[in-house]
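Trainee: I have a structure here, written as structure tokens, and I will follow up with some questions on it.
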Amino acid sequence: MFPVVVVHGGAGHIPKERSENSTSGVCSAARAGYTILQGGGSSMDAVVEAVTQLENNPSFNAGCGSVLNVKGEVEMDAIVMDGKTLGSGAVSAVRNIANPIQLARLVMDKTGHACLTAEGANQFARSMGVPEVPLESLITDYSRMRWKKNLAPDANPVECQMGKMGTVGAVAVDSEGNVACATSTGGMLNKMEGRVGDTPCIGCGGYADNQVGAVSTTGHGEAIMKVILARLILFHMEQGQSVEAASDLALAYMKSRVGGLGGVVTVDPQGQWAARFSSLQMAWAAAQKDILHYGLYTGEHFTQSIDDPL
């Protein structure tokens, strides 16, 4: 069993001018998570660190790169899950928080609840001493430009998802065979205020169970919720499917049953891993045995030493 961390930067269509940043971003996040695993850290520490890096990178739809709701505001969702205990923490529709993934972990560690939402989540953050940041600090020029464009009455809903950097997430297995997942998102472009997608829902945006494996998902949230995508993949693994086959089966079912596209990163407790998607692209990276793996298009799989610059 070799410790591994696998990260994704969201499924969808990534314009050429943004694809380099998304690839280097997921590689940096995978390296950061792997450093923790190499130091004997837990899978939970590794996934939270990896996702924190992605939230801090404006190239992704999470944290400071989040898309805007119909009112031009940021509302973010996040989840963590610990495969050893099935402990989980999530937040939804939070504002003014730089790293929702860290707040989700505090919900898991410091409350008896699984999910806190909106103002209640923000109140909890204040009680935990989590600093609030100005709303403006989470809004990029790119997000504001796309928000304005999509307010136009003749806006094309297909085009509006172009260039959408999706949800970010990570899964990991540590040296003790414990698995964990973490997923974070700014949600859907120009969504209604208060809309919550799949990310903070256990079994949808992520799931982790030491007896089977861990999954983090990305894609069209409403479709993912309808098929409980993360748990569906683990169900296929329980039936004896490999991480790759289970991921493909569940994504194919989601596409045929509800017309939804998405992507996943999956691990089992033995350190087998997969990054699979039905969308045009998904930036992903994995680190295991001092090798960095990464790709963006279907069938793409580059490898290099973990220590070599990209």
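The backbone N, Cα and C atoms fix where each Cβ goes, glycine too.
Predicted automatically and left uncurated, TrEMBL annotations should be read as such.
Look at TrEMBL and you will find Thr167 tagged as active site, nucleophile. The feature substrate binding site is assigned by TrEMBL to Arg195, Val196, Gly197, Asp198, Thr218, Gly219, His220, Gly221.
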Trainee: On the Cα atoms of Arg195, Val196, Gly197, Asp198, Thr218, Gly219, His220, Gly221, which are listed as binding substrate, what is the maximum pairwise distance in Å?
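Mentor: So the binding residues stretch over 16 Å, Cα to Cα.
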Trainee: Among the binding-site residues Gly197, Gly219, Gly221, which residue has its Cβ surrounded by the fewest other Cβ atoms within 10 Å?
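Mentor: Ranked by other Cβ atoms within 10 Å, the binding-site residues Gly197, Gly219, Gly221 bottom out at Gly197.
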Trainee: Could you round the CA separation between Thr218 (substrate binding site) and Thr167 (active site, nucleophile) to a whole angstrom and send it over?
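Mentor: So the alpha carbons of Thr218 (substrate binding site) and Thr167 (active site, nucleophile) sit roughly 5 Å from each other.
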Trainee: Using Cβ atoms only, which residues of the same chain lie under 8 Å from Val196 (substrate binding site) while being at least 6 residues apart in sequence?
Mentor: Asp77, Ser92, Ala93, Thr117, Gly187
Trainee: Which has the fewest other Cβ atoms within 10 Å: Arg195, His220, the binding-site residues listed?
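Mentor: Among the binding-site residues Arg195, His220, the lowest count of other Cβ atoms within 10 Å belongs to Arg195.
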